[in-house]
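K.L.:
After the structure tokens below, expect a handful of questions from me.
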Amino acid sequence: MTTPEGAMYVAWEDLTVVIPNFGEGATKRLLNGVNGCGEPNRILAIMGPSGSGKSTLLDALAGRLAGNVVMSGKVLVNGKKRRLDFGAAAYVTQEDVLLGTLTVRESISYSAHLRLPSKLTREEISDIVEATITDMGLEECSDRTIGNWHLRGISGGEKKRLSIALEVLTKPSLLFLDEPTSGLDSASAFFVVQILRNIASSGKTVVSSIHQPSGEVFALFDDLLLLSGGETVYFGEAESATKFFGEAGFPCPSRRNPSDHFLRCVNSDFDNVTAALVESRRINDSSFSLHQLHETTNTLDPLDDIPTAEIRTTLVRKFKCSLYAAASRARIQEIASIVGIVTERKKGSQTNWWKQLRILTQRSFINMSRDLGYYWMRIAVYIVLSICVGSIFFNVGRNHTNVMSTAACGGFMAGFMTFMSIGGFQSFIEEMKVFSRERLNGHYGVAVYTVSNLLSSLPFIILMCLSTSSITIYMVRFQSGGSHFFYNCLDLICAITTVESCMMMIASVVPNFLMGVMLGAGYIGIMVLSAGFFRFFPDLPMVFWRYPVSYINYGAWALQGAYKNEMIGVEYDSPLPLVPKMKGELILQTVLGINPESSKWLDLAVVMMILIGYRIAFFAILKFREKVFPVIHMLYTKRTLSHIQKRPSFRRMTPFPSRRYPVHHALSSQEGLNSPLH
């Protein structure tokens, strides 16, 4: 079989995903030998109760499984093994990760400029953006803000359509969606799936998990993969699923939504709810029975008399030996053996690096300027603290008794002011979420993000440092003059930028805000402690604290430069009469342990080098996760599978859990059930 140009056929065979347990317990199977395929012009719906493995299957197909799970089996695209992350396929996650300060039109426009070919004119890109807005039904909310913690935004259905719009801009041949109708009302859910129907009709392959669709939504699906407990209950054409359930002895009643019936047959939560209701009634009436519960609730559903585990096991067994399974296996084999046109691995973006840098910097700057919690609140706090510092150290003077006051003021500026950068960690975490989503979908590269993040934050850091330095220098009466003011500002800018680079590096490795704040606060605390203010450099323990910590400490170099900038060339009054004034250079050397012969610009250069080092480390961490981690995980998977496959508990299937119940009969022969098949 040969594929049409641009079409993507995806097939998976014997897909098993497990969470290894190297102790005495059994290994947990998230997926167990699942087979299936997705084709152009068709929507494949992956259905099942919560915990059935829907999201796990999508993550396995898209190459986004967590690091603590291992996968076996084959995933083939047009007959070849290939990775489907970083732009090869689009993936709309269940969580709508968006920049809440942008409008709908701005979000789509920036994404279009980041990814569409550079040869397109601005007018052509604008036409594509407007067409996408129209196709997704976003005209009414196109100029409204998406919304965040302080801005009211668009509805959940509009956010979901926007998430889909961002991924279909470049017309990907393969689209994955994780529960796109979750949390939506029936009308919004139908509209979203109708959009997917239109996308599939244009020759695209759409694979979507869905929890419990309405009858109207279910009718839009071409194929159905029904999962329960990580196993396949049914795979084939969606319209044939009702017939299979009827042939298996569990026909769908005429007035019931087919998807509701399918989930009722395989969802064990119904048994748990029934058992809980019976137990609660027995507390007041010891003779209360399950039959009485059915009578009091007026239910005529014969499924209530049969444990769900038995129904599920029967369906799984009957599907494996059914004609539906044989037909699906033949189709999967046909798709897996495709020859001819093989889709080349391509990037999700088709524009050049410099345009991406400009657009991404502009978008990030706008986001920072509109988010009050990113920089504006911190700038306000910095101004208030600067006024407090200025009033406490007001006109500190040049008396010998004020030498330590000058050092304390400089230490506070270099220490606590940089420590305040941790206040923006929540914004860093949110930005990293957006980056992770866009990077996995191939919107842009790691290098352009690393540089653009630095460039977009600089104007706010400069404003922050200018306001802080202007207030403190004027009120404390530090050395006046353009060069001293310029150095003071530049020293503070470099120190704060270095800390923010460190925070971004931490945000790239920690999973949540709390862990990031703990690590960031601990790290900055160590840097402040060894910066040379709380204990001067000559008094620091030589092992570890002096060498090497103080030499790789941005705070130590920034504080040295600040002391030199203030004290060199200044004379302090002597404590004794007729004794010459003390030079600032002498105080630097004898009291603070700082070599005055070393240029303050050298200290600033070292801070800049540490800043660059943090940015390179940030880049290296992101690249490691992208390039090296998959290789390490592949080796881990091979070794883990070879280990757990030797265990009898892994090879042995879970025993039938409900032997105490009587053997059930076909529901079509039971009284009170009206099946549309008869």
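Along the chain as shown, residues are numbered 1 onward.
Using the three backbone atoms N, Cα and C, a Cβ is placed for every residue, glycine included.
Remember, it's a predicted structure, so these values are computed and weren't measured experimentally.
As listed in Swiss-Prot for this protein:
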BINDING   Gly48, Pro49, Ser50, Gly51, Ser52, Gly53, Lys54, Ser55  ATP binding site
DOMAIN    10-254  domain 'ABC transporter'
DOMAIN    355-567  domain 'ABC transmembrane type-2'
MOD_RES   Ser658  phosphoserine
TRANSMEM  374-394  transmembrane segment
TRANSMEM  409-429  transmembrane segment
TRANSMEM  446-466  transmembrane segment
TRANSMEM  490-510  transmembrane segment
TRANSMEM  513-533  transmembrane segment
TRANSMEM  602-622  transmembrane segment
K.L.:
By Cβ distance under 8 Å, which residues at least 6 away from the ends of the transmembrane segment (446-466) in the same chain are close to it?
P.N.:
353, 356-357, 360-362, 364-365, 368-369, 374-375, 378-379, 382, 431, 435, 439, 489, 492-493, 496-497, 500-501, 504, 615, 618-619, 622-623, 626
K.L.:
Long-range same-chain neighbours of Gly51 (ATP binding site), Cβ under 8 Å, sequence gap at least 6?
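P.N.:
None - Gly51 (ATP binding site) has no non-local Cβ neighbours under 8 Å at 6 or more residues apart.
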K.L.:
If you draw a 10 Å sphere around the Cβ of Gly48 (ATP binding site), how many other Cβ atoms fall inside it, taking every protein chain shown into account?
P.N.:
26
K.L.:
In the same chain, which residue numbers or ranges, 6 or more beyond the ends of the transmembrane segment (602-622), come under 8 angstroms Cβ to Cβ?
P.N.:
439, 446-447, 449-450, 454, 487, 490-491, 494-495, 497-498, 501-502, 504-505, 508-509, 552, 554, 557-558, 560-561, 564
K.L.:
Near the Cβ of Ser50 (ATP binding site), how many other Cβ atoms are there if near means within 10 Å?
P.N.:
11
K.L.:
Of Ser52, Ser55, the binding-site residues given in the record, which has the fewest other CB atoms within 10 A of its CB?
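P.N.:
Checked Ser52, Ser55; of these binding-site residues, fewest Cβ neighbours within 10 Å: Ser55.
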K.L.:
Looking at the binding-site residues Pro49, Gly53, which one has the fewest other Cβ atoms within 10 Å of its own Cβ?
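P.N.:
Fewest other Cβ atoms within 10 Å, among the binding-site residues Pro49, Gly53, is found for Pro49.
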K.L.:
Provide the three-state secondary structure of Lys54 (ATP binding site) computed with DSSP.
P.N.:
helix
K.L.:
Once near-sequence residues are set aside, which residues in the chain of Lys54 (ATP binding site), 6 or more away, have Cβ atoms under 8 Å from its Cβ?
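P.N.:
Spatial neighbours, sequence-distant, of Lys54 (ATP binding site): Ile46, Met47, Gly48, Asp178, Glu179, Ser209, Ile210, His211, Leu227.
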K.L.:
Take the mean position of the Cβ atoms of Gly48, Pro49, Ser50, Gly51, Ser52, Gly53, Lys54, Ser55, the recorded ATP site. Which other residues of that chain put their Cβ within 8 Å of it?
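P.N.:
These residues sit around the ATP site: Thr56, Ser209, Leu227, Ser228.
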K.L.:
Mind looking up the mean pLDDT for the domain 'ABC transporter' (10-254) in the predicted model?
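P.N.:
Summing pLDDT over the domain 'ABC transporter' (10-254) and dividing by its length gives 90.
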